[in-house]
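Asks: Quick paste of what TrEMBL says about this protein:
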type	residues	note
DOMAIN	415-492	domain 'Recombination activating protein 2 PHD'
BINDING	420, 424, 447, 453, 456, 459, 479, 482	Zn(2+) binding site
């Protein structure tokens, strides 16, 4: 095992605790930034490009038929292979926490559409679920099991907010462990089924789960109810006959007291367990090798890497599996120095020196400021809100495809994040898409008042059908504040006046002969 560190030349402030890494054919992609995506990368998915000991973030794109995917932290991820004969696979993303601290109960399927040297395109589809749908949660796990030629996913654990009926002002955002129910999700039909097993008495989160064939092994975890990390090891076996599925649970000896650990796969049946915590204020610096065989699991200690003094003395760390036996680890920098604080990122390689050079992965040093002393912070699973008030600096990146936050316009005062009216409630930090046509910015429409200004369609209470109608038709729109003014300044319609033909003057002298006597007064009125 080797531990390396390299400098980062792209925006490191995006990598915060709770992120996820996706490995598609050896290329590692970052997902789950803290904060909403900006215009330079509306998808919130980045390629981790590592060249010449430098790490760069390159934006990835979604296809036109993709759904909206918010940046989720602490979701449950697993891979799903479509065909054993082909190397194509997809990532399953379930749950997680949004930048607004809302919890998601949705399930997404992400697959790689195309990739070249300049652009990477993904397809993201939201799967409709029915039945016993798992409640919104984070810190849980999802695995794929195979039985009798069929596949199904297993969801377990995690945390969620307390029910609304039990919330108070002091405990409004308090979280609790989810009930220890096992959920089976059928991807073909989206049907969910929950199972309550007597062996699982208490709920817990931030555990480790490994799947092989029809079996899922659940190791460790942290329980909020008793604030303990029990050395538990459970074996879930799933049978998929023609009728209803059957789930059984067995308690195995030889568990490990750990939470928030990271597992990376080094071979078909071998995994490496790295990191985590064995108590609230003590990291677990011991590494283990886990071997999965048919109906058997073996956990043994292995040689530890040469941890740096910074890693040994820090009280919190975080990271994620990069695939192919590599793990990305991060620790917060010390804020007691005169220099700006930093997050130090290391990449731990567990395969050994026989790896190919193409698979060599390095780590990064990230610079950012912090208003919180890491020494007083809480462990990973209890510090998901461990945040840095970062002031991002520029980057000397020649590659135009690399993400650079300095290229972003100041959207807090101009652009889409303006205060369009007195009743405007659009905030860049709390905004979520309202219309189906929105992705990473709110829909706006031009008010045709004297000076002309842009307003948010949501603030004007426009329905989606009306918004589409106004965008397609060539008509002027006036916002709620100028609609009355518009009525008073309307140009009157042009009225076409009819020309009156002059009447021919009547001749005073008449040549007609009166056969009957006529009074002079009558004749006078006739010719006047």
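Glycine too: its Cβ is placed from the backbone N, Cα and C atoms.
Unlike curated entries, TrEMBL annotations are predicted automatically.
Provide an account of the burial state, proximal residues and distances for the features listed.
Replies: DSSP places the residues of the domain 'Recombination activating protein 2 PHD' (415-492) in helix, strand and coil in these numbers: 18 helix, 8 strand, 52 coil.
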Asks: If one looks at the chain holding residue 482 (Zn(2+) binding site), which residues at least 6 apart in sequence have a CB under 8 angstroms from its CB?
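Replies: Expected: 447, 449.
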Asks: Grab the pLDDT values for the domain 'Recombination activating protein 2 PHD' (415-492) and give me their mean, rounded.
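Replies: Over the domain 'Recombination activating protein 2 PHD' (415-492), the predicted model scores a mean pLDDT of 77.
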Asks: Among all the protein chains here, how many other CB atoms are within 10 A of the CB of residue 456 (Zn(2+) binding site)?
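Replies: Result for residue 456 (Zn(2+) binding site): 23 neighbouring Cβ atoms inside 10 Å.
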Asks: Looking only at Cβ atoms, how many others are within 10 Å of the one on residue 447 (Zn(2+) binding site)?
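Replies: Neighbour count, Cβ to Cβ under the 10 Å cut-off: 23.
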Asks: Whose Cβ lies within 8 Å of the mean position of the Cβ atoms of 420, 424, 447, 453, 456, 459, 479, 482, the Zn(2+) site, other than those residues?
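Replies: Sorted by sequence, the hits are 421, 454, 455, 460, 480, 481.
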